[in-house]
């Protein structure tokens, strides 16, 4: 069965060798064409879980294209014929834009191509794909405005926006134990225990579920702290105490989130994926359990990135890390250049957006890297996430080039130069010099073996070389070879 498909309601097709009750090995519920199904041992990568499904296709899984079209037409007809149009131009503009977006979302949810996930429902992931398109178009619109117009345009979204942010004091007293404060000497620690602590933990837990690799998560976590150190001269909120960077963030929040995420991945890898239709389950307890498991994956794939296996995979993993770090930095820089308070709901909505699209994008990237086909296309969600990250960066560059061009401190630039040189040196050695050296050694070894084989061939010919006697060959071998036997 083709990757990314699931058996339809009819169960196994007559042409398929799949045993009854077995489903495809991937998540979406779209049925394949005849003859495309394969058994659990066929067409499945070693990192993919085995799935058993009774093939039930209920009303819940159908596309409902005509139903959505009918409801949409009735709604537009009601607004057009029965509702009086207000005379407020600004209100009508907002309502027209929102209605246009909703119509596009209705079209996308019913007609867009399914992605790699199907739980809780394929329409859910199609919805976020369409939201990605809308968000990218919104960013493009902001990018083509002047700095002042772009900031003031956000007033149409929230009248409280478009106002310069007040300056805040970051960093400050970094003593873990403050002897001058007799009432509470640990007040600096308690001040840091705000709502961002559980947010950091939850964020890294979800990122671990996206990336599915401990090393990549730790590298991104540590590198972002280095970026905060490096850019605190540009953004004041990057200025934190050393223990806030390495103890609170890396070890406690990020580390604990990554640990819990890896434990969840371990459970998902070992879990048995056996699905039944809700009405095929006899007990109420089983039905409730089936409803709860609807919000878990249909199947599971372990990610084996193997960055050192080839130059292509190494560059791809480096690109993934770069996009992750840029998306993290864009969160802070966009708030700064667009004058958004950290607690504004738009900031939270952006994080919710990336949580929903990030997992699909990572799966599409992994399939793109892992597929042996040379001309496979990158998935649409991964393409949009990369485009959104790049567009956000361009907005930051356009809206506040002065902040971005503030020169790095000398010791910071030296550290990044040294790190870049080491990474480049390792890349050249691992994928060029090392391969050349190995090929040279292999060529020498093959030449030496060929010479040795030629010498053995001459030695086993009709006439033995000088100095070869029967003590080496033995009498039987000597007679068989035509050598003179002793008297």
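Note that Cβ sites are derived from N, Cα and C of the backbone, with glycine treated the same way.
Here Swiss-Prot flags 1-10 as compositional bias 'Basic and acidic residues'. Under the heading N-linked glycosylation site, Swiss-Prot lists 181, citing experimental evidence as support. The feature phosphothreonine is assigned by Swiss-Prot to 485, with a large-scale study or a structure entry given as support. According to Swiss-Prot, the region 'Disordered' annotation covers 1-50, 451-487. Annotated topological domain 'Cytoplasmic' per Swiss-Prot: 1-62, 118-126, 398-403, in sequence order. The topological domain 'Lumenal' annotation in Swiss-Prot covers 84-96, 148-313, 357-376, 425-487 and is backed by sequence analysis. Sequence annotations record features per position, and here Swiss-Prot assigns transmembrane segment to 63-83, 97-117, 127-147, 314-334, 336-356, 377-397, 404-424 based on sequence analysis.
The number of other CB atoms found within 10 A of the CB of residue 181 (N-linked glycosylation site), across every protein chain shown, is 13. Among 63-83, 97-117, 314-334, 336-356, 377-397, 377-397 has the largest number of CB pairs under 8 A with the transmembrane segment (127-147). For the topological domain 'Lumenal' (84-96), the residues of the chain that approach it from at least six positions outside its boundaries are 156, judged by C-beta separation under 8 angstroms. Sequence-distant neighbours of the transmembrane segment (377-397) (same chain, 6+ residues past either end, Cβ-Cβ under 8 Å): 113, 115-116, 128-129, 132-133, 135-136, 139-140, 142-143, 150, 323, 326-327, 330, 333-334, 337-338, 354, 357-358, 360-365, 367-368, 404. Sequence-remote contacts of a segment are chain residues at least 6 beyond its ends whose Cβ falls under 8 Å from one of its Cβ atoms, and for the topological domain 'Lumenal' (357-376) they are 3-4, 45, 115-117, 125, 128-129, 131-132, 206-207, 209-212, 301, 303, 305, 312-313, 316, 320, 382, 384-385. Tertiary neighbourhood of the transmembrane segment (336-356): same-chain residues 128, 131-132, 135, 142, 150-151, 154, 157-158, 161-165, 203, 206, 235, 237, 327, 385, 395-396, 399-400, 403, selected by CB-CB distance under 8 Å and a gap of 6+ residues from either end. Non-local neighbours of the topological domain 'Cytoplasmic' (398-403) in the same chain are 143, 147, 150-151, 234-235, 333, 336-338; each lies 6+ residues outside the stretch with a CB under 8 Å from one of its CB atoms. Note on the topological domain 'Lumenal' (357-376): its mean pLDDT in the predicted model is 87.
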